[in-house]
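According to TrEMBL, the features are:
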type	residues	note
DOMAIN	23-469	domain 'Major facilitator superfamily (MFS) profile'
TRANSMEM	20-40	transmembrane segment
TRANSMEM	89-112	transmembrane segment
TRANSMEM	118-139	transmembrane segment
TRANSMEM	151-172	transmembrane segment
TRANSMEM	209-227	transmembrane segment
TRANSMEM	239-256	transmembrane segment
TRANSMEM	276-297	transmembrane segment
TRANSMEM	309-327	transmembrane segment
TRANSMEM	339-359	transmembrane segment
TRANSMEM	365-387	transmembrane segment
TRANSMEM	408-425	transmembrane segment
TRANSMEM	445-464	transmembrane segment
Amino acid sequence: MTATASPDARSDAPRGARHARAALVLSSAATLLSVMNYTAPIATLSLTSAELRAGPTAQIWIMSSVSLGMAAVMLAIGGLADDHGRRRVFGLGAALMAAASVVCAVAPNATVFVAGRLAQGVAGAALQVTGLGMLAVAFPAGPGRARATGLWGSMLGLAIALGPIAAAGIAVVDWRGWYWACAVVAVPLGLAGRWLLPESRAAVRRGADPVGLVTLTGGVAALLAAVTLGRDGWGRPPVLALLASAALLLAAFAVAEARHRAPLLDLRLLAHRPFLLSVTGALVYGFAIIGIMSYLATALDVAMGMTPLVAALVLAVWSGTSWLAALQARRLPARLPAGHLLAGALLLSAAGELALLGLAPEVPWWRLVPGLLVCGIGSGLGNAVLARAAVDSVPPERVSMGSGANNTARYIGAALGVTAMVAIVTTTGGGGRSTAEALTHGANVALAVSAALALLGAVLAVLLHRPVRPASR
């Protein structure tokens, strides 16, 4: 197996500076749009649910539907893009994002809105996976790719910072305006990809894997649906049925992939330590960092008396620092081991989460700044390292699949992390406390648990590290 990339054998045009710049700009813009849209409901949930008459369960689906749509199809889309053309799938993703955003903008009820958000998730998966895959084609392994993937990774932090703020600002006029804006941006994004990017795909098409496609997509969708519904109780029949379905489908996926001559996911990659580091690192990152930070917005809003816009601005200290840190991570020498860098990122994130301990209703917002800054540095470094590891750890013809596997793990981890944080707060926040005190006490416990998981992830990253030596498959 090789861990370095070579020119794609079926590019329509040679890699040049113009195409590389176009790939960098468009993939970064696509990720910015996709993740900003993912975070937008954090700031507009109360307005959206009031107009759509969404109850508690519907509100959970409003918050979770994009992550479900993304995670369910990311790996499958990565394989399809490698086989059928990354530029083509990028364009289809932009078109779907525009159409799905219009559905959300005109939705008369919560059911239609959630359907639109699910479709937005699928579109966002196509944009993110193919964008990172096209970067790997445009930039050979080495310092240039490290800088490019670092910039791409920085878009995650910038998007998380800007998404809630932009949505809250537009919602002053009309919360639906955000979705109209997404549609307006997605159209020229897709057209620019068509005009400015050369097509690229794997030298040899691996062929269809319909069983793998159906079982993987169905299994991940069932798992995330169970996690979403489980917030209202894990023992209910629908949740148990979804968990059983997820287990059966994912087991069937593993069996099918082991027997298929050209599997959607080559399970042998799991024995390749750099790939395993990429996937497990993304899973831990999603669970231990994105999970708690997603919940922290609720604690700031409900328990500490901040408006949604003020809470978004406070959390922007974390996400904005993450963006800046990922930008600076491009300056790190490409020879530094990914495992050690990821371990350092997780250690910094854990330190930041521990510094946030002591949340209480009377705590001023500036007390949170040091912890958010340290956690932001760790998050930014982690985003940059994981983006590079996602494409460096797979054969060059499978870069979109590598991106898909990494992002699938990230969003599954985030979904599980948010659910775990809610469960921790619910079970530890009682004891005769007021609502605000219960929420902040539970949030402190959740922060401690997240920090412990990040520390364990750092140890795992060191254990999984092994110097990558070029070899042929």
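Glycine residues also receive a Cβ, built from the backbone N, Cα and C atoms like all the rest.
Between the transmembrane segment (151-172) and the transmembrane segment (365-387), the number of CB pairs under 8 angstroms, six or more residues apart, is three or more, so the stretches are in contact. When Cβ distances are compared across the two stretches, the transmembrane segment (20-40) makes contact with the transmembrane segment (118-139), since 3 or more pairs at least 6 residues apart fall below 8 angstroms. Non-local neighbours of the transmembrane segment (339-359) in the same chain are 277, 281, 284-285, 288-289, 292, 296, 299, 303-304, 318, 332, 367-368, 370-379, 381-382, 385-386, 389, 440, 443-444, 447-448, 450-452, 454-455, 457-459, 461-462, 464-466; each lies 6+ residues outside the stretch with a CB under 8 Å from one of its CB atoms.
Using a cut-off of 8 Å between Cβ atoms, the transmembrane segment (209-227) and the transmembrane segment (365-387) share fewer than three residue pairs, counting only pairs 6 or more apart in sequence. When Cβ distances are compared across the two stretches, the transmembrane segment (408-425) makes contact with the transmembrane segment (276-297), since 3 or more pairs at least 6 residues apart fall below 8 angstroms. In this chain, the transmembrane segment (365-387) lies close to the transmembrane segment (276-297): three or more C-beta pairs between them fall below 8 angstroms, excluding pairs fewer than 6 positions apart.
Computed over the domain 'Major facilitator superfamily (MFS) profile' (23-469), the whole-number mean pLDDT of the model equals 88.
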